[in-house]
Amino acid sequence: MGFITKAIPLALAAMSVVNGAEILETRAGVQTLADKYIVIMNDGVTEKAFDSHRSWVNRTHRRRLVRRGAKAMGGMKHTYKFPTGMKGYSGHFDEDMINQIAKHSDVKYIERDARVQINAITEQDNVPSWGLARVGSREAGGSTYYYDSTAGEGSTAYIIDTGTDIEHEEFEGRATWGSNFVDDMDMDCNGHGTHVSGTVGGATFGVAKKSNIVAVKVLDCNGSGSNSGVIMGMEWATNDAKKKGADKAVANMSLGGAFSQASNDAAAAIANGGVFLAVAAGNDNVDAANSSPASEPSICTVAASTEQDGKADFSNFGQVVDVYAPGDSITSAKPGGGSQVLSGTSMATPHVAGLAAYFIGLGMPGGPGLCDTIKQKAIDAIANPGAGTTGKLINNGSGK
């Protein structure tokens, strides 16, 4: 699930109904994970009913293995419980078992789990970043970042990505490890997540230089993971933010793929939980309405601009885009120290998450409504933004 150059799609072409529950069908070419599924429960299913359903699934799965000699499968793997009420689980089931689950009256729909992948491009090291200067200026071509000294102090940014090098000098001890849903290595062995984190809250490269960074790892060293694993990270971040104060929290997902109802529903659950969420529009130069979670309307969807205030040639576009942000040749932190340059809507998105954290530091109300604040303060700057797309470029309101 990554937007730097190209992403393996998680497309859902059509819905079929199997005795009541929708089983979402994947398009040709999607790299699904064999016999692995995401099950989402009906709205309003109680904790008691959910517990009963999961017990039934576990019992039925075990009986199939023992009594029927069914193909060995892992069964239920992870349970999703968002504070806003969204419930579900992922698991490893054969076709007969998943059809039994689909018949259960408490099940809303089922998606095949799918593999996701990022592909980063490193251009060069140790060059100045133009993105920060653009966020703090009403005119292109500046070299100074103007910002209020509060700099996002008191805010927390959840970076749902490949992890973050929390020891990097950019973070000055403000970065912590949250949780890991992809492997047993609590480190960023890819570099994408550290770069994103640096743009949000790095001392040199960050929009909100005093914000706290929390690493939520959902992609491995190759930038690869699963849709179910990403949703696990989304759930964890939402629940952790609720404990610490959702109104002071922002989340960044420089991830995505083709349309996924489960991904969109999880993104909506983050927003409904009171957490601002910035998501990459995608890098295929197509309408982002076909991308997830970018197409979820309750979040802030970000397209990428160039240093000359043009639409980056790779950036997705369309009515679902809320705002543009710098995303072409952006310098930020890399694991182990120093910096690197990356391009993509992945790089544009943390400028927006960082700006949300910056506004929280100024005392503005947090939550998904911050996207409206960001749009109100944005400037009309993007030439040829794409059909039906806003030309608004983010600005921190410094007045410079």
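In case you wondered, yes, glycine gets a Cβ from its N, Cα and C as well.
Noted in Swiss-Prot for the protein shown:
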type     : residues : note
ACT_SITE : Asp161   : active site, charge relay system
ACT_SITE : His192   : active site, charge relay system
ACT_SITE : Ser346   : active site, charge relay system
DOMAIN   : 36-118   : domain 'Inhibitor I9'
DOMAIN   : 129-400  : domain 'Peptidase S8'
CARBOHYD : Asn222   : N-linked glycosylation site
CARBOHYD : Asn252   : N-linked glycosylation site
CARBOHYD : Asn396   : N-linked glycosylation site
SIGNAL   : 1-20     : signal peptide
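Of the candidate recorded positions, Asp161, His192, Asn222, Asn252, the one lying closest to Asn396 (N-linked glycosylation site) when CA atoms are compared is Asn252.
Asn252 (N-linked glycosylation site) carries a strand DSSP state (E or B).
Counting only the Cα atoms, the space from Asp161 (active site, charge relay system) to Asn222 (N-linked glycosylation site) is about 12 angstrom.
Looking just at the domain 'Peptidase S8' (129-400), the mean pLDDT is 95. For His192 (active site, charge relay system), the Cβ neighbour count at a 10 Å cut-off comes to 29, with all displayed protein chains included. According to its DSSP assignment, Asp161 (active site, charge relay system) is in a strand. Taking a C-beta cut-off of under 8 angstroms and a sequence separation of 6 or more, Asn252 (N-linked glycosylation site) has the following same-chain neighbours: Ala157, Tyr158, Ile159, Ile160, Asp161, Val196, Val200, Leu277, Ala278, Thr349, Pro350, Ala353.
Shown are the recorded positions Ser346, Asn396; of these, the residue with the fewest other Cβ atoms within 10 Å is Asn396. Put simply, Asn222 (N-linked glycosylation site) is 10 Å from His192 (active site, charge relay system) when counted between their Cα atoms. Secondary structure of the domain 'Inhibitor I9' (36-118) per DSSP, as helix, strand and coil residue counts: 30 helix, 30 strand, 23 coil.
Sorted by the number of other CB atoms within 10 A, the recorded positions Asp161, Asn222 start with Asn222, the lowest.
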